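Here is the structure we will look at.
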Amino acid sequence: MPQTHEMSLNGTQYLKYELKDLESRAHDAKTPSTNEFYDDVESHGTEELVEAKLSFLNRIAAGLSAETKGIEPITEDEKTDDSILNAASMWFSANMVLPAYAIGALGPMVFDLNFGQSVFVIIFFNLLGLVSVAFFSVFGAELGLRQMILSRYLVGNIAARIFSFINFIACIGWGIVNTVASSQVLNMVNPGHQCPLWAGCIVIIGATVIVTFFGYGVIHAYEKWAWVPNFAVFLVIIARLARSKKFVLGEWTSGPTTAGNVLSFGSTVYGFAAGWTTYAADYTVYMPRKTNKYKIFFSLVVGLATPLYFTMILGAAVAMAAIGDPAWKTYYDENSIGGLTFAVLVPNSVHGFGQFCCVLLSLSTIANNVPNMYTIALSVQATWEPLAKVPRVIWTLLGNAAALGIAIPACYYFSTFMNYFMDSIGYYLAIYIAIACSEHFIYRRSFSAYNVDDWDSWERLPIGIAGTAALIVGAFGVALGMCQTYWVGEISRLIGDYGGDIGFELGLSWAFIVYNIARPFELKYFGR
């Protein structure tokens with residue numbers, strides 16, 4: 001096992017690099033980061049004042065050992081995170097959480113699949129989704145580019161900015177959905193003296209702020225151990241489930257309706273596993289270029305697959321038990337997965353200790369929120385150059401504040417709408433993967449084809465005409481293939497009695513076809 005790199009980005013060495021980076025921005029007018037932060041200072045007095053204030057904020061952040069680096073490429077001198085364990089544990093903790101457990105329960109509860117069918121879907125579609133996360137994590141170490149900056153090479157400059165905006169919406173949306181779910185679990189604990197929903201939101205977001213403010217180093221240090229209490233709670237759930245003797249395998253079914261349900265559940269599982277794709281490189285950019293790429297890839301595969309399989313299969317097992325028990329089913333119908341977990345752990349079970357376990361499980365969402373609220377800042381900066389002038393720490397704080405401001409009313413008025421909205425926005429991942437993989441494997445073929453110095457050059461980066469066309473056409477494919485409560489596409493409704501969700505499949509395939517038709521023309525007439 002590689003030696004663990006203990007918080008190398010948070011001590012004296014990290015602070016030295018941060019201060020050095022800030023000084024170079026202030027004095028070297030030839031660097032890309034200087035152009036970003038100090039453009040037209042001499043001719044614009046107001047801008048000079050704003051830039052000075054932003055520089056001051058960055059210095060405060062650096063003084064607190066917080067990461068001040070934004071979307072600028074990470075230099076080789078700054079690549080000090082040589083721990084493969086850091087890369088793997090990042091996603092291990094982020095997926096050993098309540099939301100992944102909740103996804104698994106959907107197989108029996110929503111899609112009428114038995115335990116065996118649910119497990120098959122969980123194994124197959126998770127594997128399809130997580131491979132892209134592991135693959136693009138390799139790019140972070142090799143090129144030192146954030147995922148949305150890397151996207152300028154992979155999908156084109158214009159399309160990358162569209163994806164950056166969508167990614168920003170996804171980050172804040174999933175942060176809201178996760179926070180609402182956790183606050184609802186906290187609200188069930190200690191009947192008669194419950195934690196108010198708004199207070200639960202403050203607890204979850206507040207803890208997320210503390211971790212994400214300090215950036216890469218503290219995030220990896222937190223995620224390295226955040227899985228431990230969550231895993232312990234899941235073991236307690238397994239023990240209580242076994243003692244209840246309520247688990248059943250269920251009956252095997254077949255036919256078009258079952259096929260449609262398998263596809264729909266598979267779409268949900270795939271979306272959760274692949275959801276980290278547009279974040280991937282952000283969490284390996286400080287790894288040295290010499291790091292073995294196969295070790296990164298396969299450690300990420302294990303770090304992703306293990307918690308996803310474990311939590312989702314457990315969720316499916318608990319759901320199967322609830323199907324045969326009216327009391328547990330009522331808890332689920334009224335309070336979703338949080339209610340079902342409460343039913344397993346508290347009434348006629350371990351009582352006070354069970355409530356304590358519910359609290360721990362609700363706090364597990366912090367580990368899932370942290371990547372959202374860190375990447376949100378980088379996505380905003382990558383959308384438009386003026387936004388990159390605002391320090392990362394400010395965007396992180398603003399993103400968390402926005403999530404809190406929306407999550408509190410969502411708890412009371414529109415939590416269902418938020419879930420529907422996020423189910424819809426997740427389809428962009430398949431389109432992104434189709435375009436990005438096409439560009440790398442068909443047109444670039446090796447890392448040597450990426451000139452990192454071009455990261456902010458409109459003249460040298462791919463324009464993004466092909467990428468934008470593929471995104472638009474892929475979106476039409478998604479609309480025809482998606483199967484949600486509020487929308488069933490014309491093609492998806494042909495599968496079974498309730499439709500089958502093939503939005504990811506159509507979006508990916510249509511985007512792939514259009515991109516590879518348009519990209520050769522873009523290269524021929526524009527040369528990039």
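The backbone N, Cα and C atoms fix where each Cβ goes, and this holds for glycine too.
Listed in Swiss-Prot:
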type	residues	note
TOPO_DOM	1-90	topological domain 'Cytoplasmic'
MOD_RES	Ser43	phosphoserine
MOD_RES	Thr46	phosphothreonine
TRANSMEM	91-111	transmembrane segment
TOPO_DOM	112-118	topological domain 'Extracellular'
TRANSMEM	119-139	transmembrane segment
TOPO_DOM	140-161	topological domain 'Cytoplasmic'
TRANSMEM	162-182	transmembrane segment
TOPO_DOM	183-198	topological domain 'Extracellular'
TRANSMEM	199-219	transmembrane segment
TRANSMEM	222-242	transmembrane segment
TOPO_DOM	243-260	topological domain 'Extracellular'
TRANSMEM	261-281	transmembrane segment
TOPO_DOM	282-295	topological domain 'Cytoplasmic'
TRANSMEM	296-316	transmembrane segment
TOPO_DOM	317-340	topological domain 'Extracellular'
TRANSMEM	341-361	transmembrane segment
TOPO_DOM	362-393	topological domain 'Cytoplasmic'
TRANSMEM	394-414	transmembrane segment
TRANSMEM	417-437	transmembrane segment
TOPO_DOM	438-460	topological domain 'Cytoplasmic'
TRANSMEM	461-481	transmembrane segment
TOPO_DOM	482-493	topological domain 'Extracellular'
TRANSMEM	494-514	transmembrane segment
TOPO_DOM	515-528	topological domain 'Cytoplasmic'
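Look at the topological domain 'Extracellular' (183-198): DSSP puts its residues at 8 helix, 0 strand, 8 coil.
Counting residues of the topological domain 'Cytoplasmic' (140-161) by DSSP class, helix then strand then coil, yields 17 helix, 0 strand, 5 coil.
Sequence-distant contacts of the topological domain 'Cytoplasmic' (438-460), counting only residues of its own chain at least 6 positions beyond either end whose CB sits under 8 Å from a CB of the stretch, comprise 32, 35-36, 72-73, 139, 142-145, 149, 152-155, 157, 385, 512, 515-516, 519, 523, 528. When Cβ-Cβ distances under 8 Å to the transmembrane segment (461-481) are tallied for each of 119-139, 162-182, 199-219, 261-281, the top count falls to 162-182.
Listed as Cβ neighbours of the transmembrane segment (162-182) (distance under 8 Å, sequence separation of 6 or more from its ends, same chain) are residues 98-99, 102, 148, 151, 155, 200-201, 204-205, 208, 275, 278-279, 336-338, 362-365, 368-369, 372-373, 375-376, 379-380, 382-383, 399-400, 402-404, 406-407, 410-411, 415, 418-419, 421-422, 425-426, 428, 432, 468, 471.
Among 119-139, 199-219, 341-361, 394-414, 494-514, 119-139 has the largest number of CB pairs under 8 A with the transmembrane segment (261-281).
296-316 is the stretch from 119-139, 222-242, 296-316, 341-361, 417-437 with the greatest number of Cβ pairs below 8 Å to the transmembrane segment (91-111). Long-range neighbours of the topological domain 'Extracellular' (317-340) within the same chain, counting only residues 6 or more positions beyond its ends whose Cβ lies under 8 Å from a Cβ of the stretch, are 98, 101-102, 104-109, 114-115, 118, 181, 184-185, 188, 237, 241, 244, 246-250, 347, 358, 362. Within its own chain, the transmembrane segment (341-361) is flanked in space by residues 98, 101, 185-186, 188-190, 229-230, 232-233, 236-237, 240-241, 244, 318, 321-322, 327-328, 331-332, 335, which lie at least six positions past its ends and keep a Cβ under 8 Å from the stretch. Long-range contacts of the transmembrane segment (119-139) within the same chain, counting only residues at least 6 positions beyond its ends with a Cβ under 8 Å from a Cβ of the stretch, are 87, 91, 104, 107, 113, 145, 147, 150, 262, 265-267, 269-277, 279-281, 283-284, 293, 296-298, 300-301, 304-305, 308-309, 312-313, 316, 433, 436-437, 447.
For the transmembrane segment (296-316), the list of distant contacts is 84-85, 87-93, 95-97, 100-108, 115, 118-119, 122-123, 126-127, 130-131, 133-135, 137-138, 141, 227, 234, 237-238, 269, 272-273, 276, 284, 287, 337: same-chain residues at least six beyond its ends, Cβ to Cβ under 8 Å. Per DSSP, the secondary structure of the topological domain 'Cytoplasmic' (362-393) breaks down as 27 helix, 0 strand, 5 coil. Using DSSP to sort the residues of the topological domain 'Extracellular' (243-260) gives these counts of helix, strand and coil: 7 helix, 0 strand, 11 coil.
Confidence annotation: the topological domain 'Cytoplasmic' (282-295) carries a mean pLDDT of 96 in the model.
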